[in-house]
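**Q** The feature pyridoxal 5'-phosphate binding site is assigned by TrEMBL to Asn113, Gly218, Asn219, Gly220, Gly221, Asn222, Thr351. Annotated domain 'Tryptophan synthase beta chain-like PALP' per TrEMBL: 46-352, in sequence order. Taken from TrEMBL, the feature N6-(pyridoxal phosphate)lysine covers Lys87. Residues or ranges marked as region 'Disordered' in TrEMBL: 1-23.
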Amino acid sequence: MSGPTHPNRPGPPRQAVEPGPVLPRQGIIARYRDWLPVPPEAEPLTLGEGDTPLIRADRLLEELPRDRRPPAVFLKFEGANPTGSFKDRGMTMALTCARARGAQAVICASTGNTAAAAAAYAARAGMDCWLVLPAGGVAAGKVGQAVACGARILPVRGSFDDALAAVRQVVAERPELVLVNSLNPDRLEGQKTAAFEVVDQLAAIGLDERAAVFLPVGNGGNITAYHMGFRAYAAAGRLGRVPRLYGVQAEGAAPLVRGRPVDRPQTLASAIRIGRPVYGEKALAAVRDTGGRVLAVSDEEILAAQRLLARLEGVFAEPASAASVAGLLKLARGDEPGWEVPEGPVVCVLTGHGLKDVDTALRAARASGGEGGDLEALEALEARALDPEAVVQHLLATPAGGR
Ligand SMILES: *Cc1c(COP(=O)(O)O)cnc(C)c1O
């Protein structure tokens, strides 16, 4: 007997999932308002964030050693948010609450995605937006978004940590500027809704075993928010066992793995290039509380994971996001004693979209010889342009095959 199956459900179909009514993406505040500390009179300031896909990744799963595979791997693709990263979940909350309190201007330090989100939501609210960015440390796509939305940008010499210290000094003296870094508690409240979605989405496809969630960690705010979300659901009886949380840092910016701050954090994954994480203690507590771990991956491992994701699953995530997948691959290789593979389904959170940082992807492709990607053809497009007839002849003569 066979009925309609959900494309994301592993194994033989258990029970048909009926298609629900088509609802517009109404944003996380409308969807989870009962779980969020939003002032009752506040009108949500939303771009339709949240409701991001949980994508089953079977081809990626097959890359893991046969005897060290979890039952399933999923990608929570936060790049599908309106400005292309999970920061939108926090920003809809921060700006909704700020507007309800009569604020007129926001400010933040950022490695880029917070800036892009703040600029977009501030534009929608008609508020001024000040962004303090580490000079040379922000991907072009993110700066482009912020500039397009009319934010005012102050580049600072130094790292994200220096930028944040400067901003904290400013808001201490000018309280009318609302800080929208993850220090702002409304931000984490919004970000915890991603944990609700993971639970709801896994439950919808019949997976109620204990899951494991892999997240890239910079400031530690997001992993703290997931922990808050899972704990809130568990307290309300919506979840049996809180998923294990795995925090993945880049080797050159891994203060939580090393156990001390890093003065000059270095990694090509700019979104997690942070040496003094504001939520370091809370991130470690989240990992400890759930029986997960923190681990570090090299830039090479990050780029390899980014390529695998795109080539095997068609999902283009920015380098920092690929760190979550690199962490899973590393754990599955079992390089170090005591590295158990999680027993339940694994969710890798892809925090931001690959289009944010196309330069890094192109550089990586070039470094690997552009193999299979026809990068050279693209770059020499004009010089090597063919007549349409020659293109037809070439394609007719080229056999197709699986990859
Ligand atoms: C902000 C960000 C992170 C890190 O989140 P933290 O809350 O700082 O730990 C990871 N990936 C992307 C794409 C981000 O924008």
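Each residue, glycine too, has its Cβ placed from N, Cα and C.
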**Q** For the binding-site residues Asn113, Asn219, Asn222, Thr351, which one has the sparsest Cβ surroundings, going by other Cβ atoms within 10 Å?
**A** Asn219
**Q** Cβ within 8 angstroms of the Cβ centroid of Asn113, Gly218, Asn219, Gly220, Gly221, Asn222, Thr351: which residues besides those meet this for the pyridoxal 5'-phosphate site?
**A** Ser182, Pro216, Val217, Ile223, Ala271, Ile272, Ile274
**Q** Near the Cβ of Gly218 (pyridoxal 5'-phosphate binding site), how many other Cβ atoms are there if near means within 10 Å?
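**A** For Gly218 (pyridoxal 5'-phosphate binding site), the 10 Å Cβ neighbour count is 31.
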**Q** Looking only at Asn113, Gly218, Asn219, Gly220, Gly221, Asn222, Thr351, the residues listed as binding pyridoxal 5'-phosphate, what is the longest Cα to Cα distance in Å?
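**A** Roughly 15 Å, rounded to the nearest whole number.
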**Q** Compute the C-alpha separation of Asn222 (pyridoxal 5'-phosphate binding site) from Lys87 (N6-(pyridoxal phosphate)lysine), stating it in Å without decimals.
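**A** Rounded to a whole number, the Cα-Cα distance is 9 Å.
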**Q** Can you tell me whether DSSP puts Thr351 (pyridoxal 5'-phosphate binding site) in helix, strand or coil?
**A** coil
**Q** Which residues in the same chain, at least 6 apart in sequence, have a Cβ under 8 Å from the Cβ of Gly221 (pyridoxal 5'-phosphate binding site)?
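**A** Spatial neighbours, sequence-distant, of Gly221 (pyridoxal 5'-phosphate binding site): Gly90, Ser182, Arg187, Leu188, Gln191, Val278, Tyr279.
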**Q** Using the alpha carbons only, what distance in Å do you get between Gly220 (pyridoxal 5'-phosphate binding site) and Lys87 (N6-(pyridoxal phosphate)lysine) once rounded?
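**A** Cα-Cα, rounded: 13 Å.
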**Q** Please give me the CB contact count at 10 A for Gly220 (pyridoxal 5'-phosphate binding site), counting all chains in the structure.
**A** 27
**Q** Calculate the distance in Å between the alpha carbons (Cα) of the residue listed as 'N6-(pyridoxal phosphate)lysine' and Gly218 (pyridoxal 5'-phosphate binding site), and round it to a whole number.
**A** 13
**Q** As a test of reading the model: what is the averaged pLDDT for the domain 'Tryptophan synthase beta chain-like PALP' (46-352)?
**A** 96
